[in-house]
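Right, I'll just put the structure down here and ask away after.
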Amino acid sequence: MTRDEALPDSHSAQDFYENYEPKEILGRGVSSVVRRCIHKPTSQEYAVKVIDVTGGGSFSPEEVRELREATLKEVDILRKVSGHPNIIQLKDTYETNTFFFLVFDLMKRGELFDYLTEKVTLSEKETRKIMRALLEVICTLHKLNIVHRDLKPENILLDDNMNIKLTDFGFSCQLEPGERLREVCGTPSYLAPEIIECSMNEDHPGYGKEVDMWSTGVIMYTLLAGSPPFWHRKQMLMLRMIMSGNYQFGSPEWDDYSDTVKDLVSRFLVVQPQNRYTAEEALAHPFFQQYLVEEVRHFSPRGKFKVIALTVLASVRIYYQYRRVKPVTREIVIRDPYALRPLRRLIDAYAFRIYGHWVKKGQQQNRAALFENTPKAVLLSLAEEDY
């Protein structure tokens with residue numbers, strides 16, 4: 001058993017061990033390990049996040065103090081948003097001189113990231129459900145002046161019914177009225193332009209809740225395309241792309257999506273934060289509203305007849321399209337297999353299984369970039385790197 005896999009001493013964490021039995025590791029962070037655990041009185045399964053505030057003895061006293069304060073702040077925010085159906089629920093907390101134990105609901109479906117890896121890309125319908133729930137969470141957070149600062153598919157969990165639960169509030173903070181942030185933290189490919197600018201310009205006024213909306217746009221783009229909107233093998237060039245808002249809807253996947261969904265993505269990925277969509281504005285976008293209207297509409301007899309008539313017309317059109325459609329020949333498949341949607345999805349799925357990573361299909365597209373995000377990446381010296 002490695003040091004990372006070793007469990008905290010049962011004597012120093014007696015209260016935790018009296019109530020819970022830790023099991024296998026589910027995930028790791030820079031200074032934490034997440035394990036499945038069993039609540040002894042009820043035999044209920046939970047997930048426990050074990051945070052080593054000493055970094056295994058490698059942290060300085062100042063770093064230990066900062067991590068302890070950050071963990072207490074995370075616990076405080078989780079308690080303030082407790083009860084929201086799409087936010088992970090904190091069940092129990094335990095503290096020793098060296099460790100924190102945070103007990104959460106166990107999400108057996110795992111991360112949205114893993115689901116995307118399996119599915120390659122998501123449909124507009126699936127994306128709509130996920131993004132609506134995420135935006136409702138962000139609305140709640142922002143009304144409380146809480147900014148998450150680390151929104152990404154890895155921090156969105158799924159329950160058995162495919163409902164999302166936002167997790168990992170380690171970078172979150174509650175702003176005072178008029179307060180602006182300057183700390184550079186987050187995951188590189190999800191960073192908003194103003195966060196990067198803060199690291200390069202001492203006179204920058206700082207950033208606010210708008211950074212969450214940029215990350216939301218990156219998430220939505222990634223769910224639909226299967227790859228992030230901003231990527232370059234050299235990180236500083238990728239950060240340049242972010243700062244200039246240089247992205248495209250150029251990959252073949254976008255041919256299958258509506259202009260409405262592309263419009264919403266573009267409303268998030270706006271370089272100037274004051275012009276970026278808020279969560280409330282996004283929920284009022286036609287991408288969501290057109291389906292809300294349909295959900296509450298009551299059918300009248302006339303409406304039922306109209307549906308039947310349209311169904312008959314659609315059936316006739318499908319029949320004639322079927323009679324006219326050109327067969328897919330061997331030559332077409334050999335010449336451009338990626339132009340055919342079923343083959344495209346099949347190729348993507350098997351490429352991952354064969355090579356262990358997604359296959360790059362263009363200069364601006366690389367699914368392997370999804371796997372380059374290290375947990376809890378803190379960027380402290382962007383300004384010192386060469387352009």
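The backbone N, Cα and C atoms fix where each Cβ goes, glycine too.
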Of LYS49, LYS73, which does Swiss-Prot put in the ATP site with LEU26, GLY27, ARG28, GLY29, VAL30, SER31, SER32, VAL33, VAL34?
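According to Swiss-Prot, the candidate sharing the ATP site with LEU26, GLY27, ARG28, GLY29, VAL30, SER31, SER32, VAL33, VAL34 is LYS49.
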Between LEU26, VAL30, which of the binding-site residues has the fewest other CB atoms within 10 angstroms in the structure shown?
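Relative to the other binding-site residues in LEU26, VAL30, VAL30 has the fewest Cβ atoms within 10 Å.
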How many Å lie between the Cα of SER32 (ATP binding site) and the Cα of ASP150 (active site, proton acceptor)?
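Distance between the two Cα atoms comes out at 16 Å.
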Note down the number of other Cβ atoms within 10 Å of the Cβ of VAL34 (ATP binding site), including every protein chain shown.
20
Measuring Cα to Cα, how far is ARG28 (ATP binding site) from ASP150 (active site, proton acceptor) in Å?
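About 16 Å separate the Cα atoms of these two residues.
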Validating a neighbour-count step here. Other CB atoms within 10 A of the CB of SER32 (ATP binding site): how many?
21
